[in-house]
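Pulled from TrEMBL:
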- His21, His46, His48: Zn(2+) binding site (BINDING)
- Cys40: active site, proton acceptor (ACT_SITE)
- His87: active site, charge relay system (ACT_SITE)
- Glu131: active site, charge relay system (ACT_SITE)
Amino acid sequence: MSPRSARLARLSRSVTFSACHRLHSESLSDEENLKLFGKCNNANGHGHNYKVVVTVRGEIDPVSGMVMNLTDLKEFMQEAIMEPLDHKNLDKDVPYFSEVVSTTENVAVFIWDNLQKLLPQGMLYKVEVQETEQNVVVYKGEETIVK
């Protein structure tokens, strides 16, 4: 029997959480915020049922047949996503968003950073956050290079 080369695969798991927020930048005037964010700048905020799809990648283990144990991924997602975000006011209950506008882009970055602390290095491939069926952000950890 000849040895097989390692096979790479991607594994995804999704969760849904509910949270409210207000799109508002302290760097802008009230008028500028209203013009930029429209009804999403409502002083009382608004809510979403966010769907998050996390994708990891790695070699398929020849013994277990898995890239990662789904139970472990579920626990990591519970700690990184559900505990800090579910049924929260993002702007008031999550310290990260006290200085960062709680856009879906920044929610994706927050989730990425939390997962990076828990997952084995190099395994996290993609975080997809669906704010609505029409609005989806995909973040893969890319950063721009400051010149």
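Numbering starts at 1 and runs along the chain as it is shown here.
Using the three backbone atoms N, Cα and C, a Cβ is placed for every residue, glycine included.
Sorting the recorded positions His21, His46, His48, His87 by the number of other Cβ atoms within 10 Å puts His21 first. In sequence order, Ala19, Cys20, Arg22, Cys40, Gly45, Gly47, Leu90, Ser102, Glu131 are the same-chain residues whose CB sits within 8 A of the CB centroid of His21, His46, His48, the residues recorded for Zn(2+) being left out. Closest to Glu131 (active site, charge relay system) by Cα-Cα distance, out of the recorded positions His21, His48, His87, is His48. Cα to Cα, His87 (active site, charge relay system) and His48 (Zn(2+) binding site) are separated by 10 Å.
Rounded to a whole value, the Cα-Cα separation of Cys40 (active site, proton acceptor) and His46 (Zn(2+) binding site) is 7 Å. Cβ contacts within 10 Å of Cys40 (active site, proton acceptor), excluding its own Cβ and spanning all protein chains shown: 16.
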